[in-house]
Each structure stands twice: as C-alpha cells, then as structure tokens.
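Feature annotation from TrEMBL assigns compositional bias 'Acidic residues' to 281-290. TrEMBL lists 291-301 with the feature compositional bias 'Basic and acidic residues'. As annotated by TrEMBL, domain 'SRP54-type proteins GTP-binding' applies to 600-613. Per TrEMBL, the feature region 'Disordered' maps to 206-260, 281-301.
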Amino acid sequence: MLDLFTIFSKGGIVLWCFQSTSQITQFFVPSVNSLIKTVILQERTSSNNNYEQDSLSLKYRLDNEFDLVFVIAFQKILQLSYVDKFLDDIHLEFRDKYKNDLARKNYFMEFEFSKNFQEVLKSAEEWGRVQACIPKQMRTFNESIKSKKTIASMIERKGDDKENKKNVKITETQKNDKEINHSDISFNEEDIITQNRLKMAQKMGTINSNKLKKNKEKVPKPSPKATKQPRTWPLGGSIKDISTLDYTKDKPNNNADSPIEIETNNEIVGKMVGGIKDIEIDSESDEEDSNEKFETAAERKQKSDSKRSVFSLFKGLVGKKNLTAADMDPVLEKLKEHLVAKNVAIEIATKLCDSVSSKLEGKVLGSFESVATTVKNTMVESLVQILSPKRRIDILRDAIMAKKNEKPYVMAFCGVNGVGKSTNLAKICFWLIENNLRVLIAACDTFRAGAVEQLRTHTKHLNALHPAKKHNDQQMVQLYEKGYGKDAAGIAMEAINYAKEAKYDVVLVDTAGRMQDNEPLMRALTKLIKVNEPDMVLFVGEALVGNEAVDQLVKFNQALADYSSSVTPHLIDGIVLTKFDTIDDKVGAAISMTYITGQPIVFVGTGQTYTDLKSLNAKSVVAALMK
C-alpha cells in the first residue's frame, strides 16, 4: 500500500500529490525533505533510485527533459514488487498527458490526475499479484552477480580465507626453519661424504666402534654464530660527552621560555596575514584533446567524416534526440577509468558515474552537442558542487567571536599515523599568530616517542619568528604538556582551562596517530572529543591515498558515532589534506574524502615550511582532475 506519491519540479513546485490519509504528511515530509537535500540537490542519485530513512522507504524517478521528480513513499516493512513498474508507468502517463504544458513550464495550472493515478496504480497492483504467482525463473548470466564483478571485488582485504591459508603455510615453514636452525652447521663436500659413509657403515655393521669414534672426531663442530658488532664512529664521543649529548631530559636552557638564539627565516613573517590563499594547480590543457579521451568510436567516425567535405557539414544536422543509458555507457566507462587513474576511489567513481547517468538520462541533446562533451561537462559540474563547502567556514572570524565571549576556540586534530598532523598543526598555528591570535598547543600525543619534543621545537621556532617584544611582551605560542603515558582527554581539559585563565585565544589539540581499526585508541579519541567538546574536529589525511581514504574516513566517523554515549555525537567537521605537492595532477583523494563525509577540505598542505598552507580551489582541482 502506497502512503504518499508526489510529483514536483526541480525548482521545488509541487505539481500533484496523493496521500493515503490526512495525517500521513507529518511522517513522510521530513524524509522527502531529506531526500531532496542529501540526494537530489547534491546529485548523489544511485542506480536503483532508492532512499531509506528510519522505517520508511522512498523510490524516485528523475525526468531530466522536463526537470521533474516523481517520489513514492511507503513503509520499509512492506515488500511491494510493483513499485518500479508503477513509477515507470505513472511517469509516462503524466508526461504524455501534460507534455505541452510541461514544455512551456506551465507549473501553476490545476493538474487533474487522480483518475489516471488510480488506473495506473490498479494496473500495477494487478501485475504484482500475477508476478507473485509465477514461479521464479533462473537468472541469466548478465543478471548474476558474477557478471557485474568490478576491480574492487578483486582486491584482497583483511580477513579473507586466502590470507588465512597463507598464514598457516607461513607458520608451518617457520616451524621447519626452527628445526633446521637447531642443527645449523656448515659442512664442505668432503665432510658430507664422510658422514654419509659413516651412516652407511653403521647400517651394515662393518666398522667397529673405535673407528667410528675417530671419524666422528674429524667432523667439524658448529662455529658460534657471529653477532653484529656495534659501529665505531671516527668522531664519536666518549663517556664524558654523555651529559652534553643527552637531549631526553628538559634542561634550563632548553625551555621554550628561555631567550635562546634560533636561526629563523624572517622573510616568511607577514606572508600569512588575512585569509589563506587558494592552491594553484597547473590544469591548462587543450579542451578538444580532453574531450577526445571520452568520445565513443561512433563519434570519432562522424567527426572524421565531417572533415572530408563542405557538404558533410549538413550530416551533423540530425535534429534533437533524447539521451539514453546505452548512449552514455561507453563514455561513462572511460570516464570512470580516468577518475580511478587520478586516484579517485573506485567506489566513489562508480557512484559519480551513476549520478551523472541518472541526471542526463532522457535529457534532450542539441544538434551540435556530442555525448562525450555533455557527459564531461555534467561531471565537472557535479565535482565542483561536491568540493564546494556546504556551510560557511571562517576560522579567523569564529576565533575572534570566541575571544569576545572570553573563551578559547578549540581545534582537535586526528588521523592515522604519519600523515603530518603535528607539522600541519604548526603551520596553522603560524597562520593564527600572523593574525594576532595567541595560541596554546596541547600535547595530547602521549604515545609516540618524540611527539612532545617535536612540538616543543616548533614552539621555539614560532616564538623566535614572533617574539614577545613585538606583541606587547605577550608570548604568542606556548606548549602545554604533561609528558608521556598520561590520559590524553585529561591533558586536553587541563589545557583548555589553562587557556581560559591565561587569556589564550586558540587551543590546538594534537592527538596520537591511530589506525581506523584500533578500537581502544578510537575509544580514547571519542572520549577526548566527548569530554572537551572542541569547536572543530579536523581529520588529517594524505593526498596520496586512493581507496584507503574511504576506509579511513568511514571508520573514523563510525567510531566517533558508535563509541560516544551522546545522542548527537560530534563527528568530523573538516579535512586537512597533506602532501599535496607530491601528487602532480592525481587529486582524486580530495573528491573521495569530501564525497564520503560531506565535509569540506579546510586546509591543504603543500610543503614543509610554515607558509606551505593553502585553501582548496574547487574549480582548479576539478580542472586538474579532468585533464
């Protein structure tokens, strides 16, 4: 039983609506609004055109020729086999009846469609009852899952049986190796021959025991295994130099507050005042060459034929036609391969192509427009929309507002190991200092050896670049640390309280790197965020990763949701994309990360110095991606 059916334009005008009861609106309106916001507006349509929320299920069809949306809503528990057929039939019925009015965009007339709706619904329900009585037929090969295998299905993942088998074999070989190592003796050829003769003699009983003893004495004893000797450096220090070379303990002259002379590059001071500059990517390419990548064989042939004579120009005037899935499939397949080659995760590339196909199917193609150009332009529009922030992000403005309210603006950094959290935290710290904001760095990475020392070194350099005498004798950066092995959430809380008392404007919380599958560490991160409630949680990820970016972000967000006791857990608010200078034009990780979370890329790291921090320019990134 259908609870709700509605037809509306992509501009938001409801043309016709059916409700099973008058009270059904309050249950289904939020779900329809969610469908519009998360799927239709963000162009995240899937191949099966299905959307589920809570206990409700929604099916939709897009009419790209007249810019219409057809939506059916019903309870998820109901198994309605006729829904797809009904949607197709009602779509055609409405188009055929009001074709002329829709072409003129006459949306404000009264559409008398109740009788047609009931007839189509009755026909579809009857068809569903007939289909239920027919015995289920065997699927063809093209309908089977095996025929739809993708590259993703061929990738071996953790926990597969193959890996378990390999592990078993490895353990067995290790056991055998141990047995061999137990009798690890080196023999030459003569000794081996002697041993074989002795064994043969023992079996035959022809040699007496005295000769056996003599021959056994000739067998060389195993030489002790040589151990690695420590390297002796030609200019190495002695015991007297230990106290001088010991950097593991804090010393009076090693404190960040002490007036120690540090070599600084003062040329970079003043370059980060104001907003962060957009990243520049070399994306200049010939548009015709770019379009030729995605052209089908038929289009290339037609293009070559059109160049032969002047009269062949009239062959292109074939009139308008509607795009079909069969027309777009070859172009979309090439486009998907191109996106995967540019480091877009294959799962995301497939969804993007499905979304473009749903958006263009049925659209009228102009006389001089090729399928390749139309598909490519639509993909570019979708990618720019994905990378464009859905909400305002102005950290400087938010930090100044928090300062007026006499509380610090707190930013927490999380991510996997080795992606550059501490380095990019220092870059962001330099940018904030350049804009006259005092920063407190909370060293909450109490796990990795050298993490606190790394932040202490950055603090010294930042204070040397912006000494207190230039800022009314106020120290601009301070490190708050409690050593190693302590509770990270407790250190962060103490740092935030200290920042309130000492009038610091921003608190940057550095956390330990952790893999997304490490449950204890993910629980500790969730605890830190839940207890301290930072204003922004930034996920730091590498621009080098492809499919791994999807796994990292999904599991980080899922862990923050699962391990939090709050009804509305604080998830990832933004992304810091590091090592962007190492990938040339393979910028696909930016698309994958933004598509998965729906959150924007706030900062982009492009090098090792403090000024190598940029903001993402969506259009230039997409241009490089499609090059």
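Along the chain as shown, residues are numbered 1 onward.
Glycine is treated like the rest: Cβ placed from N, Cα and C.
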Problem set entry | Beyond the flanks of the domain 'SRP54-type proteins GTP-binding' (600-613) by at least 6 residues, Cβ under 8 Å | 265, 268, 271-272, 276, 279, 387-391, 393, 395, 420, 423-424, 426-428, 430-431, 462, 465, 538, 543, 574-581, 590, 593-594
Exercise. Which whole number is the mean pLDDT over the domain 'SRP54-type proteins GTP-binding' (600-613)?
Worked result: 91
Exercise. What is the three-state DSSP composition of the domain 'SRP54-type proteins GTP-binding' (600-613), stated as helix, strand and coil residue counts?
Worked result: 0 helix, 6 strand, 8 coil
